[in-house]
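Working notes, beginning with the structure itself.
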Amino acid sequence: MANLSNIHLPNPFTPMAFLPPDQAYQKTITEYVIVGGLSVLIWDILTHLHSDYKLLARYKISLPTIIYLLSRWSTLLYVTATSIFQTAPVNDCVALSKVTCAMYHVTVSSTALLFFLRVRAIYNRNTYITAGFFFLWVAVLGGSLTSVLSLSGVHIGTTKYCAFSNFKSYRGAANITLAVFDTCVFVAITWRLSNNQLSILKCNNPASKRRFDLFGKYYPAFSKGLLHDGQKYYMVAMLANLLVLVLEFIPGVPTPYRSVFLSPAIGLTNILACRVFWHTKFGRKIEDVRAVSTILFQNNNNPPLFVHARTERDDSDLTTSSVTESKLHNSSDTETEAPLDNSSFLEKVGHILGEKIFVNSVV
């Protein structure tokens, strides 16, 4: 960045006057994108205040709820601090840059923890899956810490406007770990849901020759819709963070553009994670019916399959698995059991959706 502090300028209070024309243009575009991302996040928070009120007023507060609230509001603070840093006059740019980086660490870690709890639950607390994704979450936790050490703030010329400076070579560690984590979450969720849909099809038609299909290309429209509905949130989050990672390491990308989508991507990922949380908590999503972790659908020669159903959900659902195979065949279980007739399976699923009776699983 050119140092023009001692040169007489027509308007020394305009930060763009201290920058070369190309850098001034790039910084302006970056400001527009960041403020736009903040607007989207604020709009989403305001339109879902009723969900937060319902969450706090009608449900007990436990660890998943605390994590959700921490993720939600730390994201707002981070995106707001980033917007202020980029657009408003500030007395101490160094202090604000550290606050911004610290909030980035909190929001990335807490949002990733929501996804970790989701994967842990949908895989029925499988030891290996839980250990693997916990390791990935710790990597995200450590990677996001590097942002506090790898960036600093500086005033632009003699103005009070700020810009990031002193970029360290390891600043990309946070983007790498987050992109890897989101990709693994998407693959893990897709694998589980696709296998579940395949099991449903084979249950309904034991003679079916269908095989595993990652995106359900050859599934019937009903099954394909269920699968895609469960994939969309994770795919968008994964693509957003992959875009940030690509811009960070592509040679020739101007410095202001390297992080132009970082703040909007963090906000978007949080919006998607919170939507998954609400849908799980309030039972809005049909994925509750299909995301059964360890159900093995039987053919017609085997004993009837039982699905545990209930009409109420509490906060413990977010960290509790769905139906275990042992419970499926335990006649002494105290929960309600409803036998599934393979010949009319889809009809019964439709009945479950209409009556809002949810499989005891976590989405």
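Note: Cβ is positioned from N, Cα and C throughout, glycine not excepted.
Features of the protein shown, as given by TrEMBL:
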{"type": "TRANSMEM", "residues": "29-46", "note": "transmembrane segment"}
{"type": "DOMAIN", "residues": "32-77", "note": "domain 'DUF6533'"}
{"type": "TRANSMEM", "residues": "66-88", "note": "transmembrane segment"}
{"type": "TRANSMEM", "residues": "94-116", "note": "transmembrane segment"}
{"type": "TRANSMEM", "residues": "128-152", "note": "transmembrane segment"}
{"type": "TRANSMEM", "residues": "172-191", "note": "transmembrane segment"}
{"type": "TRANSMEM", "residues": "233-253", "note": "transmembrane segment"}
{"type": "TRANSMEM", "residues": "259-278", "note": "transmembrane segment"}
{"type": "REGION", "residues": "310-339", "note": "region 'Disordered'"}
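Distant neighbours of the transmembrane segment (172-191): 104, 108, 112, 115, 118-119, 122-123, 129, 133, 136-137, 139-140, 142-147, 214-215, 227, 230-231, 234-235, 237-238, 241-242, 244-245, 248-249, 262, 269; these residues of the same chain sit at least 6 beyond its ends, with a Cβ under 8 Å from one of its Cβ atoms. Among 66-88, 233-253, 259-278, 259-278 has the largest number of CB pairs under 8 A with the transmembrane segment (29-46). Across the domain 'DUF6533' (32-77), DSSP assigns 41 helix, 0 strand, 5 coil. Taken as a whole, the domain 'DUF6533' (32-77) shows an average pLDDT of 93 in this prediction.
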